[in-house]
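Read through the structure below, which is laid out as structure tokens, and then see the notes.
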Amino acid sequence: MSHQPLSCLTEKEDSPTESTGNGPPYLAHPNLDTFTPEELLQQMKELLTENHQLKEAMKLNNQAMKGRFEELSAWTEKQKEERQFFEIQSKEAKERLMALSHENEKLKEELGKLKGKSERSSEDPTDDSRLPRAEAEQEKDQLRTQVVRLQAEKADLLGIVSELQLKLNSSGSSEDSFVEIRMAEGEAEGSVKEIKHSPGPTRTVSTSRALSKYRSRSAEGAKNYLEHEELTVSQLLLCLREGNQKVERLEIALKEAKERVSDFEKKASNRSEIETQTEGSTEKENDEEKGLETVGSEVEALNLQVTSLFKELQEAHTKLSEAELMKKRLQEKSKLTVLQMTHNKLLREHNNALKTIEELTRKESEKVDRAVLKELSEKLELAEQALASKQLQMDEMKQTIAKQEEDLETMTVLRAQMEVYCSDFHAERAAREKIHEQKEQLALQLAVLLKENDAFEDGGRQSLMEMQSRHGARTSGADQQAYLVQRGAEDRDWRQQRNIPIHSCPKCGEVLPDIDTLQIHVMDCII
């Protein structure tokens with residue numbers, strides 16, 4: 001059972017001017033009486049226009065940043081691809097140079113070996129060789145045909161070398177490629193001028209198209225130039241391969257000729273040995289010896305021509321290798337210069353295009369389109385409708401606030417009454433508790449006294465009974481006993497009536513069995 005007082009209501013009592021809504025107390029309602037509806041509409045319109053302008057500016061900035069990022073990523077990817085392509089080409093060119101250098105070294109070694117063999121063959125004695133005239137003439141014809149072939153091949157190689165030198169000296173291909181690039185640059189500049197003179201909304205589209213056209217044309221010009229140079233390099237490589245094949249053929253023919261000469265020398269040595277064994281000599285033999293001497297001199301002359309042809313072939317090979325190296329160096333230099341020029345021009349044009357795009361975006365952000373105006377008008381209408389609905393809500397809220405203020409005034413009066421009733425109730429409750437305690441004490445005293453009285457009565461009865469048994473008659477004793485029994489019953493009824501407590505409400509007079517239920521009833525009845 002809780003006996004706490006209701007003074008908490010007095011302690012937590014609020015003033016009628018404090019917060020009456022559900023929101024936090026520090027957020028006070030705006031005093032809308034100071035603003036007119038026209039001013040509110042103007043403020044709402046200004047806020048809406050500023051919000052829309054900020055959103056458009058953010059969108060334009062995001063789009064511009066995305067476009068720049070995409071362009072930069074594409075440009076970096078293109079640069080990476082070009083670098084990889086040039087690295088692959090340089091590696092292939094280096095591999096080709098290494099292979100050609102190995103082939104040249106092998107050819108030089110073979111030529112040196114052939115020179116040594118030819119010198120050894122020229123040092124061998126051929127004066128004592130005696131061969132028949134028919135075989136000598138056949139060998140002579142074969143050697144002459146080989147010399148003619150070698151001279152023709154030499155002339156072809158010299159023509160190839162002269163053509164290569166002319167190609168190296170002439171810069172037609174590079175000039176053509178530069179002309180193509182300059183044409184593309186002129187077209188790009190014209191497109192940029194058109195973009196600058198074009199109206200505002202069409203500038204972004206024209207700039208993107210012009211940039212794409214210029215990039216495609218510059219890429220096509222660079223590709224055409226590279227394809228042209230690759231064709232020239234492939235033609236030179238084919239010429240080199242043909243020259244190498246011709247050199248191999250000449251080497252094979254020289255080997256065959258040397259083998260035949262060695263066979264003839266062996267035959268001549270064998271016959272000379274046979275003729276020394278036999279004695280006698282005739283005029284025919286003298287003529288044959290003279291013919292053999294002439295054949296030997298012709299063979300020596302042919303050997304000298306072959307060696308000179310070998311030297312000329314070596315010189316032609318060296319010139320070809322030098323020409324190829326010069327051409328490759330010039331090609332690499334031209335590629336590097338062209339790439340540097342195109343890269344620098346593309347960077348300049350990219351920066352100029354970015355500047356123009358920034359200017360266009362600024363101008364477009366300053367301008368407002370018709371669609372934007374329509375959207376703003378629609379939003380203004382919606383805002384006016386929302387303001388009207390909010391104004392109605394505000395009026396309703398004001399009415400409810402006035403009602404709540406009136407209710408608060410009545411609540412203060414009711415609270416004061418409640419405090420009075422509570423104080424009275426607490427005082428009555430304390431008094432009743434004291435009375436109840438006194439009643440309980442008196443009941444205890446009564447019980448003790450009744451017990452003592454019962455004990456005295458029992459003692460008196462016993463003494464009376466003893467006295468009657470001693471002195472009185474039975475009749476008088478029976479009457480006295482009936483009187484005493486009746487008196488004892490009355491005393492018991494009076495005791496029971498005194499022991500039952502009475503719990504009744506002071507306001508309505510309702511009788512209750514317990515003090516707790518009486519307190520609850522009193523609270524409900526009074527409040």
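Note that Cβ sites are derived from N, Cα and C of the backbone, with glycine treated the same way.
What Swiss-Prot says about this one:
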- 1-32: region 'Disordered' (REGION)
- 38-170: coiled coil (COILED)
- 58-209: region 'Interaction with Rab8' (REGION)
- 101-143: region 'Disordered' (REGION)
- 176-181: motif 'LIR' (MOTIF)
- 186-214: region 'Disordered' (REGION)
- 186-197: compositional bias 'Basic and acidic residues' (COMPBIAS)
- 201-210: compositional bias 'Polar residues' (COMPBIAS)
- 239-458: coiled coil (COILED)
- 262-292: region 'Disordered' (REGION)
- 262-274: compositional bias 'Basic and acidic residues' (COMPBIAS)
- 281-292: compositional bias 'Basic and acidic residues' (COMPBIAS)
- 361-527: region 'Interaction with HD' (REGION)
- 362-470: region 'Interaction with MYO6' (REGION)
- 424-429: motif 'UBAN' (MOTIF)
- 497-527: zinc finger (ZN_FING)
- C505, C508, H521, C525: Zn(2+) binding site (BINDING)
Those residues of the chain, 6+ apart, with a Cβ under 8 Å from that of C508 (Zn(2+) binding site): C525
Which number gives the other C-beta atoms within 10 angstroms of the C-beta of C525 (Zn(2+) binding site), all protein chains shown included? 13
An 8 Å radius from the center of the C505, C508, H521, C525 Cβ atoms defines the neighbourhood of the Zn(2+) site; name the other residues of that chain inside it, in order. P506, K507, G509, E510, L518, V522, D524, I526
Just counting, how many other CB atoms are there within 10 A of the CB of H521 (Zn(2+) binding site)? 17
What kind of secondary structure is H521 (Zn(2+) binding site) part of, going by DSSP in three states? helix
Tell me, by DSSP, whether C508 (Zn(2+) binding site) is helix, strand or coil? coil
List the helix, strand and coil residue totals of the motif 'UBAN' (424-429) as derived from DSSP. 6 helix, 0 strand, 0 coil
